[in-house]
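Participant: Summarising the annotation, TrEMBL assigns ATP binding site to Gly190, Gln191, Thr192, Gly193, Ala194, Gly195, Lys196, Thr197. Under the heading compositional bias 'Basic residues', TrEMBL lists 32-41. Marked as compositional bias 'Basic and acidic residues' by TrEMBL: 51-66. Taken from TrEMBL, the feature domain 'Kinesin motor' applies to 100-432. As annotated by TrEMBL, region 'Disordered' applies to 26-66.
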Amino acid sequence: MTGSSHHASQSQAHIAPHHVVHPRYSAASMAHSRKPTHARSKAAPAAPPTGKDRAAAARARADMSPLERARPRIEAAIAQHQAQVHEQYTTTPTPDLDADILVALRVRPLLDHERERGLFEGAYVHAGRAYVYHPIGSTFVDLSLETHEFDNVDMAFGPTDDAEAVYAATVVPMLPFVFEGGLATLIASGQTGAGKTHTMTSLNHFLPADLFPDITETHDVLISYIELYGDTVTDLLNDRATVQVRSGPQGTVVVGAKQVHVETAEDFLATVEIGASQRRTRATFKNDVSSRSHAVCAITFRSRDAAPADEDVNGLLIGGSMLLIVDLAGSERQSDQEHHDAIRIKETQVTNKSLMTLKECIRNRYLASQNTGKHVHIPFRTSKLTLLLKEALDPTSSLQTRTLMIGHLAPALADSQHSLNTARYVSNLKASSLDHAQTSVTRTTGAAQDQGATAAAVNHPSKWTYKQLCRKIAQWSMNTIKFEKIIAFKTEHDDGLTSVERKLQGIMGDMPPWLQLYQMPLSVWVKECAKQGVTEKTATKTWEQYRVAVAAGRKQDTAKSESTGVLLVH
């Protein structure tokens, strides 16, 4: 396991001692800037700021988001927390690499264009633990910062851990297992633009050095490259020909898939690059070149001493002595979809559905391995992706299997909600029950802690029933906003909804309504309210009142991996 043990020291700003002379007033700079007396006397004095100047400055401050205005406080709070983490954790736990299921998180560095936009880091890794900082509150006054610690993952990689370090910690330990007949699966997940494809491409580029020429003395190396887009499966090494995924007595077969025999490292890399270049991509709000499909690179090591392959199999048989490298399509939030056309929105819905099915399969696979005696249903056939990965996820499979999921987190604080979703998605895969996994949290409180926090938590919107939430919105809007027409409560419980209301689709999946509203951008809320004839002023005022209610006593939300405390930055 690799941690970023010196990341915090890089994040903390250096403050010069008080006796250091500012460069502007040093002797050298003063001497260099001296001009003849007569020249200085002719210089016009600086004009005092006019009313227009002051108004422009005020508008500039008003145009800054609460997050931008609070940046110094937030960065100071983050630096303080990271210093505490460094002092508390000095060693990195060693993962059990023989486990059937392993989970990891990786935080990429900030990119140049992100720094140019003024974004700053909101995710951090140290000693095998990942931390996500999440701002809450809608105004500069009530803005505070939550810190979430994910210490239940097997590995965590920070921005200073390069691709070779990730390869050494993930792929290298699996190779002996694969050569001995095992099926190893590496899966990359995360939001679009978080670095999934970069990681998986890098793993494929490092792999040949550990395979050739030695492996060719005893094994044939064959590569297949498959793309899954909804229910359509194509062969990326055969002119994007359509193929079929089927499960039968022999196991899972990708019927018609081409297997390319490679004999050298150069052949290996060329074949992988051909497959990657054929993959479906689109420009999205978060990424100019976003993979909108799932891709599976299957590398088979066929021993020359083994019995001949079954000639009845026309295509790729998912089996032993195989390494599956799975690059999932990037997930996106509803707010990101505002910028997309109908095709891209449909793509996102298809992608998110298959990702949730995969999560359910992996988590149920883990539960089945706990020997509780209870039957656990694993819905392989719900999507083509999980059907293709059936052998890796089926506890009744005759194959020896190991699966590693690497969740990728974008580092910017602006992406913290999506990073939280990814971290929860991955860490919950090894939850010991169908409930969400709990994560440890460091609680640091500012001096201005509200003495009524306990009472506020009791009256927090997350405690309200759906009907109470609807009534509250109506009250704040003077009975002009019907909340049930914007977000319907999607749950197994009736909760008094009519059949029409139950058919309404929540804009953010299975999130509880109170959290859907909290995550909804103001622009979307105003637009939805306008459909009911509500003015922008009323919609905005109602939205602000609700967010103040949430910030007043925010509690752990239904994901349960949220923090139990708040790191205040007032």
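Every residue, even glycine, has its Cβ placed from backbone N, Cα and C.
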Participant: Have a look around Gly190 (ATP binding site) and count the other CB atoms within 10 A of its CB, chains all included.
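Facilitator: Around Gly190 (ATP binding site), other Cβ atoms within 10 Å: 27.
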Participant: Starting from the Cβ of Ala194 (ATP binding site), draw a 10 Å sphere and report how many other Cβ atoms land inside it.
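Facilitator: There are 28 of them.
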Participant: Can you tell me the mean pLDDT for the domain 'Kinesin motor' (100-432)?
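Facilitator: A mean pLDDT of 87 is what the model gives the domain 'Kinesin motor' (100-432).
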Participant: Reduced to three states, what secondary structure does DSSP give Thr197 (ATP binding site)?
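Facilitator: Going by the DSSP assignment, Thr197 (ATP binding site) falls within a helical segment, counted as helix.
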